[in-house]
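Q: Sending over a structure as C-alpha cells; questions will come in a sec.
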Amino acid sequence: MALTERVNTVRCSLQEGTLLCLLVSLLFRKEFDVSNNEMKLFVISITMGIKAALPKYEIYSYYVVPCLATFWAASWIFEVSNSNTNRKAFKASVKPSYFGRKMDTSDFEWMMWFSTFRAHILFALSGHVLFAKICSMLAPQYRSLVYMVYGLLAVWTSMGWTYVTLILSHCILLYSISLVKIRWLCFVTGLCTLATFKCEPFLSWEAGFVHGDFELRHILFYGGCGFTIMRCMSFAVENCEKTDGNYNILELLKYNFYLPFFYFGPIMTFDKFYIQVSLTRKDGELWNISLHGLIHLGVVIIVDVLFHFMYILTIPTDVKLLKHLSDWALIGLTYFNLVYDWVKAAVMFGVINTVARLDHLDPPKPPKCITMLYMFSETHFDRGIHEWLCKYVYDYLGGKHDNVLEELVATLCTYGITILWLGPCEVVLFWAFFNCFGLNFELWTAKFFSMEPFVSFEMAMSEATSRRIRAIFNTFNFWCIVLYNVVALNGLDFSKLVAKRLLLKGFPITTTLVMFVTYCLIQVIKERERKHALIDDPDPLPPKSKPQCTFGC
C-alpha cells in the first residue's frame, strides 16, 4: 500500500500530545505532501505507533482497572440515590414506577420517546413502513414519491395546514435562491432564515402558525423547521454545484418530507439521499436491520431499569447534595452523564435509522461515545450535523487543514453556525468557545511538534514507549473534553464543582487515581484501534525461508 494511502487509514485519534501533526487532515482523510524528509519521518512514526503492541499482561491490567473503577463509582451513585429518594429536590423528577421503586424521569426527551408519546411515534413510523412496503411490492419506481406523500400527510395531521404552508415557504425560498447558483447567497439566505427562529419578533410570529395545546407542539415546530432549513441549504448548495441544469423542486420535497428524518433528524446531505433513495436492499441486510432493532430495544430496557436504581440525571440538579458527595461519586456522575447522553442519541437515532435502513438508505451513524474518544476533532453531538458542517463549511473553508489561519477561520465559522443551530445562550457559547479552542490548539501543537528534533526523538523510541507517552498526553486531553462537554449537559455550576474537586480539593490523591484510571482507559482504546489497523492494513508476511537440503544436494 502506498505511503499516502497508509496515512489515510490512520485514525485521527493517533495525532495527540507531542505527535499531533496534521490532525485535521488525517481526520478528514486529506492527502498531503510527504516529499520532504521531516514529513516522511513523521508519517513513519505515526504508522509505527498505530500498530505498537504492549505485553498481554499489561493490556489485561488496563482492561481490569477501568472496569473496577466504573463499578466502584456506580456503587457510590447507587448509595446516594437510595439514601436520598425522598429529598424535596427529587420530588419533581423521581416518581413511583415498577419494582416498588422510584424512577428518574427528569429527561423529557427519553420519556417522550419511550414512555409518554411512545404510541404516537410508533404509530407514525409503523404507518410509514407499511406504506413503503406496499409501494415496494406494487410500484417500486414511485417509492420516494410515496415517502413524500405520507410524510406530508403525517405533518399536516399532526401540526396543521398552516405549519405545512410555513415549511413549504422555506422550501420554495431556498429553491428559488439555488437557481441563481451562488453558493454564498444560499448560505446567507438559509442562515438568516434559521436566525428568525432564534429571535423576536420573528419567533412569535412564526410560532403562531401552529395552534392547539398538543404537548409536543413546540418540539415538533422547532425540530421540523430547523431540520427543514438545514436540508434546504444542503439541496441549494448541491444544486449550485450541479453543472448540467438544476434539480427540480419535487426532488427537494421528497428529500425534506421523508418522515423518519423530518422532526428529529438525523440529517442526510442531499447528494447521499438522492442516490440512495432509489437503491435496492443488499442481500442479508434485513437480518442485520432486525438484529440492530432488537439491540436498541434491549438498550431501552436496560436504561429504564438503571433509572430505577441510579438517579444520574436528577442528582446534578441538587447543588446542596452535590457538595456532600464523595469524589468518586462526583467523578462517576460526570462520566455516566456523558455516557448516557451518547446512549440516548444512539438509541433515538438508532430507532429512526432502523426505519431508514428498511427504506434502503444508509443514514448517519450514531456519535462516538466518550469512552472511545480523546480528541476534540472526534467529538460531535450529532453525526448528521457533523457531516453537514464538515462537507459545506469546515472542509470548504479549511482547505487541506494544514494552515493555521485557514483552520481558525474554518472552525470559527463552523462553531458559529453550530451556535445558531443550538440557539445562542451562555452555556452554548462556553461550550463552543472551549471546543473551538481545543480543536485549534491541537493543530497549533501539531505544527510545533512536527518539527525536528521531536520526530527524531520518537523514531529513537521503541513502539511501546511511544504509545505509553502518547497515552499520558491523551489522559489530560480526555478530561478537557469531559469538562468542556459536561457544561452543555449539566451547566456551568456543575462543571466548576467537578473541576475544583478533581484538580484542587482532590489533589493529589483523587487527581492521581482518576488520571491513572483514565490512562488505562486510553490504552484500552488504543488497543482497539491497533486491532482495527491490523485488520484494515495487515502487515506483510515475512518471506518463507527456503528449505535446506539435508542430503548434500
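Here the Cβ of each residue, glycine as well, is placed from N, Cα and C on the backbone.
TrEMBL entries are annotated by machine, without manual review.
Below, the features straight out of TrEMBL:
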type	residues	note
TRANSMEM	60-78	transmembrane segment
TRANSMEM	110-132	transmembrane segment
TRANSMEM	144-166	transmembrane segment
TRANSMEM	218-237	transmembrane segment
TRANSMEM	257-274	transmembrane segment
TRANSMEM	286-313	transmembrane segment
TRANSMEM	325-343	transmembrane segment
TRANSMEM	428-450	transmembrane segment
TRANSMEM	471-490	transmembrane segment
TRANSMEM	502-522	transmembrane segment
Q: So which of 60-78, 110-132, 144-166, 286-313, 325-343 has the most C-beta pairs under 8 Å when paired with the transmembrane segment (257-274)?
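A: Of the candidates 60-78, 110-132, 144-166, 286-313, 325-343, 144-166 scores highest.
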Q: Counting only residues 6 or more past its boundaries, what in the same chain has a CB within less than 8 Å of a CB in the transmembrane segment (502-522)?
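A: Distal contacts: 61-63, 65-66, 69, 327-328, 331, 371, 374, 471-472, 474-476, 478-479.
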Q: At an 8 Å Cβ cut-off, counting only pairs 6 or more apart in sequence, do the transmembrane segment (325-343) and the transmembrane segment (286-313) clear the bar of 3 or more pairs?
A: yes
Q: Residues of the same chain, at least six outside the transmembrane segment (60-78), with any C-beta under 8 angstroms of its C-beta?
A: 309-312, 315, 325-326, 328-329, 331-333, 335-336, 516-517, 520-521, 523-524, 527
Q: So, taking each listed stretch (110-132, 144-166, 286-313) in turn and counting its Cβ pairs to the transmembrane segment (218-237) that are under 8 angstroms, which one gives the highest count?
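A: Between the candidates 110-132, 144-166, 286-313, the best contact partner of the transmembrane segment (218-237) is 144-166.
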Q: When you scan the chain for residues with a C-beta under 8 Å from the transmembrane segment (110-132), skipping those not six or more beyond its ends, what do you find?
A: 143, 146-147, 150-151, 154, 158, 215-216, 219, 259-260, 300, 303-304, 344, 348, 351-352, 355, 358-359
